C-alpha cells in the first residue's frame with residue numbers, strides 16, 4: 001500500500017533503524033487478527049485517507065518506532081492514526097511489523113540480549129506484558145505524569161508492575177458468541193450452547209486453552225473470575241467445557257478456519273471476534289454476533305516501552321495521544337477496535353459502538369493463565385483428548 | 001584398470017598422505033595444525049618410508065585433499081549435529097511459571113512427555129497418545145500412498161516413453177504445491193456448502209441415508225451433524241490428505257524400480273499360465289519389495305512431521321505431537337524446553353522405527 005507521506009531523512013539516532021521500515025508495508029502476518037478479511041476495504045479507505053491528508057511538515061527532528069500487528073491492523077494505523085499524531089506533535093512515526101502473539105516476546109528477548117531495540121513502543125497482550133515484566137530487562141517503566149490522558153481510560157487497562165507503570169491500554173476487542181441466524185435462534189445465555197439437541201457437532205470453538213472458554217464457563221455456571229482463582233475452580237470450569245464437547249464440530253486454532261467454517265455452514269455457532277463477525281455479516285454471510293446475558297470476554301493490547309529506548313518522551317506523547325477519547329473513537333471507526341473508555345466518553349454513535357463493543361464484558365483471569373499456565377494447558381489437553 | 005607404475009594406487013596415496021600428516025604433526029608440535037600439515041611433507045618426501053611419489057607437490061595436493069575432506073566432514077557434522085545438540089540442551093531446561101525458561105539439567109520435561117505433569121501423584125499419557133497418533137497417521141498415510149502408487153507406477157511403466165515423461169513431469173510439478181495449498185484444496189472439497197457434503201445433500205444421498213437409518217450410525221462416529229454428513233474434522237480427512245500429499249513422492253520412488261523390471265520375467269510367467277494379478281503378486285511385488293519398503297519408510301518419516309493437515313483436519317483428541325511441540329515452543333506458555341523434549345522423543349521414536357524396519361528387512365533377506 002502506498003501513501004503520500006513523504007520519506008524524511010531522519011536524524012542520526014534513528015537513521016540506523018531506517019531499514020526496519022522495509023517489512024512494515026507488506027501484509028506479512030497471515031495469522032494476525034483481522035489481516036485476512038478486509039484488504040479491499042483497507043485499500044479503499046487508504047486511498048481516501050491519503051488524498052484527504054495534507055503533507056506533514058518536513059524536516060522532522062523527532063521520531064518514534066512503533067510496533068503493531070501486521071496486515072490490516074498495521075496498515076490502518078499507518079493510514080489513520082500515525083498521520084494524525086505526526087500532524088499534532090511533529091513526531092514522525094516509523095511503523096514496525098510485529099506478531100500478535102508470544103512470538104514477539106521471543107524477538108524482544110533476542111534483541112535485548114544483543115542490545116538492539118526493534119521498536120520503541122510495541123503492543124503486548126496482557127499476559128505477555130506481565131510475563132515480559134517478570135522476565136525483566138525487556139520493558140521500561142513509564143512516567144504517568146507525561147501522559148495525563150491515560151488517566152481517562154478505565155483503570156483496568158493500566159498495568160503497574162513493581163518498577164512502575166509498565167503498560168497503557170491501546171485498544172480492546174471482544175471474542176463473542178456467534179451464531180448462524182438462518183439456522184438457530186439467538187441464545188440468551190451461553191448455557192444454551194450446551195444443548196446437544198440443537199448444536200450436536202455444530203459449534204466452532206477456539207482450541208487454545210487461553211481462548212477464554214474457561215472464563216465463559218466460569219461466568220455462566222460459577223462465580224466468574226473468582227472461580228478461576230483456584231485449581232479446583234479451574235477444574236470445575238474444565239469439566240463444564242468437557243460437557244460441551246459433543247456440540248463441537250470444529251476446534252479452530254487459526255482465525256481463518258472459523259471464518260471459513262461459518263461461511264460454509266460447517267458450523268452454526270461458536271466463538272469468534274465480534275468486529276470481524278460484524279464485517280462478515282455486513283458482507284452478507286450468515287453470522288450474527290451476540291452479547292448473551294453473561295457477556296463476552298474482552299481482551300486488550302497495551303503500549304509498552306522497550307527497555308533501552310531513548311525515545312521515552314516521544315513514546316509518552318504518543319500514548320497520551322492514543323488515549324484521547326477522539327483517538328479511541330477514530331480507532332473504533334477505522335480499525336474496528338473497542339474503545340477503552342465508556343461510550344459516553346466518546347462521540348461514537350450507538351451503532352458505531354455496537355459494531356465494536358458491547359456489555360457486559362467478561363474480564364479474563366489473566367493471572368491464572370500465567371501462574372497456572374502449564375497446569376491449565378495440560379488439563380486442557382487431557383480434556384480435549386478424553 | 002591399470003595404475004601407472006610411478007603413481008601410487010589411490011588407497012596407497014591416501015595412506016601415504018595420512019602418514020605424512022602424522023609425521024608432520026609430530027615433527028612440529030608447536031605449529032598450528034594446518035600450517036605444519038601443509039609445509040612439512042614437501043621438505044621430506046621420503047620420511048615416512050612409504051613409496052615416494054616422484055612428482056613434486058603430489059603428496060601436498062593429496063594432503064590438502066585429505067584435510068579438506070576432514071574439514072568438510074567436520075562442517076557437515078557440525079551443521080547436522082549442532083541443531084540436535086541445541087534442541088537436546090534446551091530440552092533439559094526449566095520454565096519459570098509465567099516468565100521465561102532457563103537452561104538447566106532437569107529430566108522433568110521428559111518425565112512429563114511420558115507420564116504427565118502431575119506425576120507421581122497421577123499419571124497421564126496424553127502426550128504418549130499424541131505420539132501414537134503421530135505414528136498412526138504417518139504409517140497409514142505412507143502405506144496407503146504406496147499401495148495406490150504401486151499400481152499407478154506399474155501402469156505408467158506400461159505406457160510409451162512419451163506418455164511416461166508427461167506423467168513424470170506432471171507428478172514432479174504437483175510437488176510444487178505446498179502442504180498448505182493441498183490442505184486448502186481438500187478443505188474446500190470437504191466443506192458443507194461447496195464439497196462432498198453438498199453433493200450428498202443435492203443428490204438426495206443424505207435423505208436416503210436418513211431413510212435407511214445409516215445416518216444415525218454416521219452421527220455416532222462423528223461423521224454427521226443432525227443436518228448433513230460431515231467429513232472434517234476426522235481421521236478419514238487427515239489420512240486422506242496425508243496420503244494425497246505423499247502420493248507423488250511414492251510414485252517417483254517406485255518408478256525407477258518398476259521401469260527396470262525385466263519384462264521377460266513377466267512374459268515368462270504369463271506364458272506359463274499365470275494370470276496378470278498372479279504375475280504382479282508373485283513376480284513384480286517380490287522383485288520390488290525393497291523399493292516398496294524403502295519408499296514406505298521414507299514417507300513415514302516425512303509424515304511424522306506433518307503439521308498443517310493435522311491441525312486443520314484432525315480433532316484435538318486425535319492430534320499429533322507435532323502440534324503440541326509447536327504450541328509449547330511458540331504458544332502462550334513459551335515452554336521451549338518441553339517442546340524440545342517432545343521433539344527429542346519424536347526423533348528417537350522415528351530413529352527406532354527406522355532401525356527396527358532395517359533389522360526386520362535384514363532378517364527377511366537372510367531367510368530368503
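Note that Cβ sites are derived from N, Cα and C of the backbone, with glycine treated the same way.
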Of the residue ranges B:211-234, B:235-258, which one carries the transmembrane segment annotation in TrEMBL?
B:235-258
Other parts of the chain folded back onto the transmembrane segment (B:290-314), taken as Cβ under 8 Å at six or more residues beyond its ends:
133-135, 137-139, 141-143, 145-146, 149-150, 179-180, 182-183, 186-187, 232-235, 237-238, 241-242, 245-246, 249-250, 253-254, 256-258, 320, 322-323, 326, 346, 350, 353-354, 357, 361
State the residues, same chain only, that lie 6 or more residues beyond the ends of the transmembrane segment (B:334-361) and have a CB under 8 A from a CB inside it; answer 'none' if no residue qualifies.
84, 87-88, 90-95, 100-101, 104, 106, 109-110, 112-114, 127, 131, 134-135, 290, 293, 297, 300-301, 304, 321-322, 324-328
Region pair the transmembrane segment (B:166-186) / the transmembrane segment (B:135-154), three or more CB pairs under 8 Å
no
